[in-house]
């Protein structure tokens, strides 16, 4: 409110939403009471009732759906808040872990376990991360909705479960490694979004490509061969199969499955960008393409298909075909 919004205004981002649909009582009643994405049969009926062209009705529904979507200013402010947190907590974690022996030798995570001291710096690192992910869990239902809603919901549950579980069982050493590793790429994605909202396309492309490289290296390389290796094998070797071994590693493996899904979506988005010469699409988009429905109508006059609203079909959301600019 006091920092992000003035920055957005200085960058020329206006607090204006998508094109608003012209007032129409009949279509508004259908939209609010029956369906936001009418099928071909209903579209033809409305066309006869209103004496409107089918394409015009489709355009009205698309505009009506999009006018409920958040403005670019709102999205900029949300991303700037997340960028600020991710960047700050990442550098805090790196500064703290740089002098920690288990950062350089993961076997140190298990020496003298569970009788390992909990320092104040480690405590605050954990509490800040836990508070932030709890805030994401609740704000997820009021923040900008994207199609990867379900994946992010599972991610937040697994993350909160891991932070809480590792803290209760004094596995904070390996826990700090997991947290720092995940923060390494998140601020780059938010930076790409900020550049995109400000219409700095080349900067956006650069940040997104850098994010993709860091994400894949950390989540598909370092995470399984560094983190999972110590929790699955080194811990078993040094302290044996402790009672919570299966649950703890089950949550960590769940995160790895999510990493694989996201990596696939990132690679798909990046490959499209290479073809188009820019990051033009993001599969987590929350705004519909202006030509989606019009293209559908051009295929036939009888079997008209309308695209579903991205807001109602959310996969959650840190990617299946919408405008990257809408993201």
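Cβ coordinates come from backbone N, Cα and C, glycine included.
Automated prediction, rather than curation, is the source of TrEMBL annotations.
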Between 41-61, 62-82, 83-103, 146-166, which stretch does TrEMBL give the note transmembrane segment?
83-103
From 207-226, 287-306, 307-326, the residue range that TrEMBL assigns the feature transmembrane segment:
207-226
TrEMBL annotation of transmembrane segment - which of the ranges 3-22, 123-142 it falls on:
123-142
Report, as numbers and ranges, every residue of the chain located at least six residues beyond the transmembrane segment (246-267) whose Cβ falls under 8 Å of a Cβ in that stretch; write 'none' if there are none.
148, 151, 154-155, 158-159, 161-162, 165-166, 169, 171, 178, 211-212, 215-216, 219-220, 223-224, 227-228, 231-232, 283-284, 318-319
Residue list, the transmembrane segment (83-103) vs rest of chain: Cβ under 8 Å, 6 or more residues beyond ends.
109, 121-122, 125, 128-129, 132, 173-174, 176-177, 179-180, 183-184, 186-187, 190-191, 193-194
Across the domain 'Homeobox' (27-71), the model's average pLDDT, rounded to a whole number, is 80
